[in-house]
Ligand SMILES: N[C@H](CCC[C@H](N)C(=O)O)C(=O)O
């Protein structure tokens with residue numbers, strides 16, 4: 001390996017996986033091409049998002065910079081916020097950590113289980129210009145976003161929420177009846193979303209449970225999406241489909257969400273995992289694993 005090697009952590013939140021750099025002392029600057037190459041599942045380390053932890057300029061414990069695996073920089077990532085919150089809490093030994101992002105200040109809090117973190121994800125936004133939606137669509141009563149023939153729409157009338165990033169949620173009875181890998185990119189790149197959008201299919205199971213599958217902007221299908229889980233929970237409560245406290249079941253596992261009545265903030269709780277520690281050679285982009293991650297969770301004996 002060359003002499004430009006940087007240590008990284010491979011982490012995930014319910015299988016939504018990240019490469020994490022600690023750039024608080026040494027800056028880490030990578031081009032979008034390098035981000036895409038490192039994010040490659042075949043030849044690179046492989047990740048959904050790349051997370052760079054930088055010094056905060058606003059007195060928070062750290063600033064979190066987020067890149068999707070397509071190289072795009074974005075402002076919010078719920079699952080990564082839990083992972084970085086865990087690292088900062090373990091480092092400080094305190095009960096919480098403040099994480100600055102381009103979408104605002106987020107607070108991560110420890111729970112009774114060391115890998116399980118609660119994050120205050122702030123307040124959702126619903127106005128058409130906050131999602132954002134394109135100007136020419138904002139005056140329609142419902143957003144008639146139909147995919148498929150007009151007389152037999154496959155999906156239509158999404159709920160749209162911004163959680164620091166844009167989300168469009170389609171309510172369905174059977175998630176598996178839809179080929180999200182085909183429909184997802186059509187919707188992600190629909191002209192109604194000038195900044196594109198993260199696309200969720202959501203099936204309300206009960207007043208307290210929702211099943212969700214996500215096509216992420218700049219990534220594709222992921223095992224979980226924290227901001228999508230927040231957006232779905234808020235949209236469901238706002239439409240009276242569920243209460244304000246729900247479990248969102250994603251392919252990678254469950255997240256607990258509460259849209260607080262008192263301050264309108266969205267509280268998200270879920271697990272995190274350190275998969276391994278590694279070293280990346282910046283010149284060749286080859287990498288090696290240098291230490292194992294978390295011990296496998298003890299299987300709960302049934
Ligand atoms: N793909 C998202 C960013 C990551 C969101 C997701 N990984 C999460 O946990 O919130 C976007 O482009 O807005």
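From the backbone N, Cα and C atoms, a Cβ is placed for every residue, glycine too.
Curation does not apply to TrEMBL; its annotations are automatic.
Predicted, not measured: the structure shown is a model, and the values here were computed from it.
Residues or ranges marked as active site, proton donor by TrEMBL: 77. Summarising the annotation, TrEMBL assigns active site to 77. According to TrEMBL, the active site, proton acceptor annotation covers 225. As annotated by TrEMBL, substrate binding site applies to 16, 49, 68, 78, 79, 165, 198, 216, 217, 226, 227.
Excluding 16, 49, 68, 78, 79, 165, 198, 216, 217, 226, 227, which define the substrate site, the same chain contributes 48, 74, 76, 77, 80, 214, 219, 222, 225, 228 within 8 Å (Cβ to the Cβ centroid), listed in sequence order. Close to the residue listed as 'active site, proton acceptor', meaning Cα to Cα within 10 A, are the following binding-site residues out of 16, 68, 79, 198: 16, 79, 198. Ranked by how many other Cβ atoms sit within 10 Å of their Cβ, the binding-site residues 16, 68, 227 place 68 at the bottom.
Taking CA atoms as the reference points, residue 227 (substrate binding site) and residue 77 (active site, proton donor) are 6 Å apart. Residue 68 (substrate binding site) is 10 Å away from the residue listed as 'active site, proton donor' when you measure Cα to Cα.
Taken residue by residue with DSSP, residue 225 (active site, proton acceptor) is part of neither helix nor strand, so it is coil. Listed binding-site residues: 79, 198. The one with the lowest count of other Cβ atoms within 10 Å of its Cβ is 198.
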